[in-house]
Amino acid sequence: FASYGSALRIALPEPLRGGQSVDIEIDYEAGDGPGVCWLTPEQTAGKQKPFLYTQGQAVLNRSFFPGFDTPAVKCTYSATVKVPEGFTAVMSATSWEKQKDNTFVFKMSQPIPSYLIALAVGDIVSAEVGPRSRVWAEPCLIEAAKKEYDGVIEEFLTVGEKLFGPYVWGRYDVLFMPPSFPFGGMENPCITFVTPCLLAGDRSLVDVIIHEISHSWFGNLVTNATWGEFWLNEGFTMYAQRRISTEVYGSAYTCLEAATGRALLRQHMDNTGEDHPLNKLRVVIEPGLWSVNPDDTYNETPYEKGYCFVSYLAHLVGDQSKFDAFLQAYVNQFKFQSITADDALNFFLEYFPELKKKGVESLPGFEFDRWLNTPGWPPFLPDLSPGEQLMKPAEELAELWAADNLNIEAIEAVDISVWKTYQLVYFLDQILQKSPLPEGNVERLSKMYPKISKAQNAELRVRWCQIVLKNNHEAEYSKVKDFLHSQGKQKYTLHVYRAMWSGSETARALAMETFSATAPQLHVNVQNYVKKILGLEVAE
């Protein structure tokens, strides 16, 4: 299985007329391939039984089944899955039933692109958490999953429907995956697959589900026709996520969360260089062209730069209720379709003729063409000042910790025990930007804030690991190792390996040792990205 697979050519016995339909039966077998992940019992949370899951995005489902593996094509599907006793199968389907002999029958009645066809098989059980939602997990995780998500999913769905129109997929279930799952979440319709890292124990990361719920309208219902315009899925979804978050949690909290997203975009562009071709919203993907794999578009640019572009469109409108109405009209216009950026932007200009008349698509410095085709930092940044009441204390505390002579009295006067998770995340982002800190400061910070240095929350852990590495704080390198052994999420894993590889010889040695031990539990794509960071050979 190469990056793009190979075409299956079918010779028809006789020519077909236009409009004529034909049934084709293909007998095939799916073995090893990046789209179908076979986990050993050791790679699961329970450590007792194996687990299988598929991951179609971006172009991996061609190793699962033959089909038109492009987001430009949508289809319905049905499947019959027979599994051994003691296992349960779930799929991204609008209906399913269990029959005799442990056989499960699934049907997706709405057209979806191939990358959203998903299957998982394992020792999994479910618990109801709302009128149209249940959580699925291994038995050892189900109580934690129910406790964390009981009641909250329905609240998010209800707000989403108010903002963007009807939820068309029936159920919204959540499957907590084994720790090696490479993504925070995968928005498979009817059943979102998520990392167990979201089980923080205090509901501090439940809002990550808002992002996946938002895909129910942006991505799953209205889909980018090519992976080169992935921002149509992710930029609109980030905007939708933050609209729901504003309604549920208020603008101060949402702006704080958006500030952490902006910091991730800054970090990404610093790592790659602003002028890297992947830092455009429209990426040219052609076989052989500087070998862009559609998976490479999975980075911060389509998410956060895409969010900035959608925010700029809202800024041009200047009225939140009018832009909300536009988003509903946009979803209604293009539902169950795959579209290009030109389709979306032309609809925007037709919907707001007064803006089209003003020529907003070609305002100097903010041209739509520049947004799409020029790499680099967004020309427009949305106003995050409502979050300053939460950001300012974090910024001031980070300044205190960056000083050569610590003002312990001023530091102790700040009570971070009352801070929300994203306030702590923002504080750590500031510390990371100021690192390396003066000698000894990280050690003292660690001792003063066990809430941070001993956190189980993955968003705090990934940042603390990077701070430890950037400051060569070898006393806590074991926490870096433990974190990489505990999960395989791509964004977390790559950030930490980059920090190790740009660190000391000791940090580099730790990187090689840790990767050698954990590689088998990582998704093949994540393995390959880590190999590139470490300068190891990547198998084609």
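Each residue, glycine too, has its Cβ placed from N, Cα and C.
The Cβ of F183 (peptide binding site) has 20 other Cβ atoms within 10 Å, all protein chains considered. Residues or ranges marked as peptide binding site by TrEMBL: Q55, G56, Q57, P182, F183, G184, G185, M186, E187, K489, Q490, K491.
Residues or ranges marked as Zn(2+) binding site by TrEMBL: H211, H215, E234. Around H211 (Zn(2+) binding site), the C-beta neighbours below 8 angstroms that are at least 6 residues distant in the chain are G184, G185, T237, M238, Q241.
The active site, proton acceptor annotation in TrEMBL covers E212. Note on E212 (active site, proton acceptor): other Cβ atoms within 10 Å of its Cβ, all shown chains, come to 25.
The active site, proton donor annotation in TrEMBL covers Y303. DSSP assigns Y303 (active site, proton donor) to a helix in the three-state reduction. Every protein chain considered, the tally of other Cβ atoms within 10 Å of the Cβ of Y303 (active site, proton donor) stands at 23.
According to TrEMBL, the domain 'Peptidase M1 leukotriene A4 hydrolase/aminopeptidase C-terminal' annotation covers 389-534. Secondary structure by DSSP for the domain 'Peptidase M1 leukotriene A4 hydrolase/aminopeptidase C-terminal' (389-534): 113 helix, 0 strand, 33 coil.
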CB contacts under 8 angstroms to Q55 (peptide binding site), restricted to the same chain and 6+ apart in sequence, sorted by sequence, are P34, G35, C37, A118, P182, F183, M186, F193, H523
Cβ contacts within 10 Å for Q490 (peptide binding site), all chains included, total 21
Quick tally, other C-beta within 10 angstroms, E187, E234; top of the binding-site residues is E234
The mean pLDDT across the domain 'Peptidase M1 leukotriene A4 hydrolase/aminopeptidase C-terminal' (389-534) is 96
As a whole number of Å, the Cα atom of Q490 (peptide binding site) is distant from the Cα atom of H215 (Zn(2+) binding site) by 20
So G185 (peptide binding site), by the Cβ count within 10 Å over all chains shown, scores 20
A 10 Å Cα radius around Y303 (active site, proton donor) captures, of the recorded positions Q57, E187, E212, H215, E234, exactly E234
